[in-house]
Amino acid sequence: FLNSADAAPKKNDFYDRNLALFEEELDIRPKVSSLLSRLVSYTNITQGAKEHEEEESAEASRRKTPKSPNMGTLMGVYLPCLQNIFGVILFLRLTWIVGMAGIMQSLLIVLMCCSCTMLTAISMSAIATNGVVPAGGAYFMISRSLGPEFGGAVGLCFYLGTTFASAMYILGAIEIFLKYLVPQAAIFHATDTLGSDSAMLNNMRVYGSICLSLMAVVVFVGVKYVNKLASLFLACVIISIVSIYAGAFKSLTHPPEFPICMLGNRTLVRDGFDVCAKTVIKGNVTVPSQLSESFCLPGNMSSAHCDDYFNQNNVTEIQSIPGLGSGIIRENMWSDYQRKGEILEKAGLQSTDAHGAMENFGMYVSADIATSFTLLVGIFFPSATGIMAGSNRSGDLRDAQKSIPVGTILAITTTSLVYFSSVVLFGSCIEGVVLRDKFGDAVRKNLVVGTLSWPSPWVIVIGSFFSTVGAGLQSLTGAPRLLQAIYTLLMTNLSLSLILNFWFQVFGHGKTNGEPTWALLLTGLIAELGILIASLDMVAPILSMFFLMCYLFVNLACAVQTLLRTPNWRPRFKYYHWALSFLGMSMCLALMFISSWYYALVAMVIAGMIYKYIEYQGAEKEWGDGIRGLSLSAARYALLRLEVGPPHTKNWRPQLLVLLKLDEDLHVKYPRLLTFASQLKAGKGLTIVGSVVQGNFLDSYGEMQAAEQAIKNMMEIERVKGFCQIVVASKVREGIVHLIQSCGLGGMKHNTVMMGWPYGWRQSEDPRAWKTFINTVRCTTAAHLALMVPKNVSFYPSNHERFTDGNIDVWWIVHDGGMLMLLPFLLKLHKVWKKCQMRIFTVAQMDDNSIQMKKDLAMFLYQLRIEAEVEVVEMHDSDISAYTYERTLMMEQRSQMLRQMRLSSAERQREVLHTVYLHPSLIDRHSLVRMGSLYSDEEEEVVEAPPEKVQMTWTREKCEAERRNRNNAPENFRELMSLKPDQSNVRRMHTAVKLNEVIVNRSHDARLVLLNMPGPPRNTDGDENYMEFLEVLTEGLERVLLVRGGGREVITIYS
């Protein structure tokens, strides 16, 4: 059945003959082979800066074919993780932590930190193996799992943590340089013993700033130099660790000779004297030693002129490293926390208490800061970070989904074993006072861990210096690229403000080859803040907070995805569980507050501010994150709970369905309806904004989408939080009925309809507008829904206006369930109406006791806890005025005149056929339909077009006779003038006129008047009169809200 001639013009290479059934959809639904070819050719973006290194060379930049990833688990994940985890804390602070906390508490600190990172690695492995992880690492994983708000907040926290890590590594390198390598390079020197700390901090600031500048230049010149040196830095780390183990096992038989000098039980600084004794023998003569000269006045060595503590205590010399088999482990098992300035003492040595001179305080080794368990946790935790180095290199891996879990968990296991064994070895080999000596003052200014190493302390000093410099370079290289990745993903998915957009434009872009130059500058400035702190012990808890925040959300992401069981959650790594993720999340949170509760609060505030800002800006597209899935599950659960039964009166709040009218350009005709709806939403209820597009759904789908977007834009401008629902229907009346019936879901359905007043209905010959209005009133009544009709809505205040005075008047004519009392209360919660006073008027008839009514109404409002002024208006029976009679007569004459002006359905069809007969060449099928429906009422069907060949049965004589029959207008006019009004209409008009007089008299200056809306007549013949009654009732009032209850109580006096 397929003609080859017809198929010839088609592209045979694209339209497969075997897929002819689907050929019309192949442009939007590609063939499976095309999809697979695109997936195979996909190249991942890497964060390892490999592409930047290649682009720096001209040859590599000319190559177009990307290099296939070829790294395995060892080189791609395991070794980079080792290099990032091992760092400055291991060499500079672990011995001090063991000395202060003891072996048991040190093992507990290591266990807590390593368990936290291991649990995080398990969660991270599950997320990383659930798809491809491009640039951004942790940021990408969290943003795709928890949404852009969490991703942006945690990504920037991770960036700040990486930036402060570079500052910490630089401070560690400068500490090694000034304390152990070249102490003579110090620029600032202490003038007394108390000023040594401030001089050291100033030296750290100067040299740290210089080192940071040099590193930034190295990173700016080329990342390839950093990558080339990475292997050297890793080798330094491994050699240093091996030398520690070698020295520890060598101390079993040959402990190194590093004696320390003790005065009583106090530890002395060993760089101010040569011999650890009070006297020395020179040429068979006993003379005071340099130590004695330090404690005694010059020129007189008698005991009367020496320090009291020096006189009463002996000088002894002990080994700083007794060795692995010495049993020193028993003394180092428990903690010995120090206060700031407290002198380090050995418990087993004999000592006599005496007050020493303050001038000699610098001769003793003392604690530079107060220590506690929580402080040591915050200082140690950075040595457990760096576990995401493998996931950040996923683009360089041959099999990322296999290498990342294996390499990361193996690296954490290796480093944890090293930390556990190092704690035990340090406590088993080194004297306790030496362990507590942070800077090695007791061992001639040597690095404490260096005294244990073999073959020389310089192995550790040089190795740790190069490893800290390398780690600083790696952090300074990775942080700008992390910021660049955040910029790329945020800018493509969020509509940021001008300021943040400019900020990201500046600091997210870089050189033409992709180097983030401005981001490097920003990273250097932030790192400089850490350098100015100048204390390694104060910078470490700061970056601990940021890393813990990141790890917390990695665990949360895995837990959320696991519990939600989203169809896309299919990680290749199977050894995870939501309970482990929650345990890891709890440990991260606990460690944050254990380390420093105020730093934890600051980090949470920063993350919260970033989260709220990104949430305020809003994502432009769906990210498929777990938080949305969590919201869907929570919404489903809540909807099922709401389905149990109708809400209690105490929980009733207006759930609005706002019916909007659009003009020909699909613009909202009365946007103040949305403004008023937003002002009513202090009730925190549901808001659905609905509209009807007239036409056929297949033909009007694009128009429907445009209308929906226009309404959503207007809702955003007016700050209406809610949903938009557009219905396409052949008739507007039917579309409104569909909206009233079908909007909402389960228990979250509207209970109140708000719609505009049909302005200009008197001047229009087309009755569709006001008939649609009355039909909607009838439908809401039938559906037991409340109804609000704001009249003169264009005069309603905008959200930027403020009423500083005025009244909200409620005219309570009939009881409607309490809507008239509840609505002004909700309005007064909004800033526009907050200063307005509430007044309630009720009408008393001749047989009512107005005084008792006022008391009862005041008591009723008191029990409702609503503050309002109460007034009772007495309406006496009076004769029907001539004005009322005249208004009723005018109303009925107008109705009769319009009724006669409208053609009947048969006359309308004859008119169309007559026009076709006289001018057949000017009329086409579509014009015929339009002419037939020009005066059509929506209750009647539109005239269908006749067939192509119209069989005419008229003659010209018949047409002329029909035309003569229509020229009887004078007789009809005389009938109108002799018309007498209906008595029921006169009574209704009388009520409307009298009520209007009273309302205008009392409420002419009110900011808003709320009024019971009377129901439409049961007989549809009086619909037009009903509209006139409403006009008369509200005449002369600027802002009127007509309210009609839904048939149930909405307010109660009970708690």
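Any Cβ shown, glycine's included, is placed from N, Cα and C.
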Range among 409-435, 814-840 that TrEMBL annotates as transmembrane segment: 409-435
Contact ranking winner - 108-133, 206-223, 447-473, 516-536 against the transmembrane segment (77-96), Cβ under 8 Å: 447-473
Range from 206-223, 369-389, 409-435, 447-473, 516-536 with the greatest count of C-beta pairs under 8 A to the transmembrane segment (542-563): 369-389
Counts by DSSP class (helix H/G/I, strand E/B, coil) across the domain 'SLC12A transporter C-terminal' (671-789): 59 helix, 25 strand, 35 coil
Summary of DSSP states over the domain 'SLC12A transporter C-terminal' (802-875), given as helix, strand and coil counts: 24 helix, 20 strand, 30 coil
Top partner of the transmembrane segment (229-248) among 153-178, 206-223, 447-473, 516-536, 575-592 - counted as Cβ pairs under 8 Å: 447-473
Cβ pairs under 8 Å between the transmembrane segment (108-133) and the transmembrane segment (575-592), at least three: yes
Maximum Cβ pairs under 8 Å to the transmembrane segment (409-435) - stretch from the list 369-389, 447-473, 516-536: 447-473
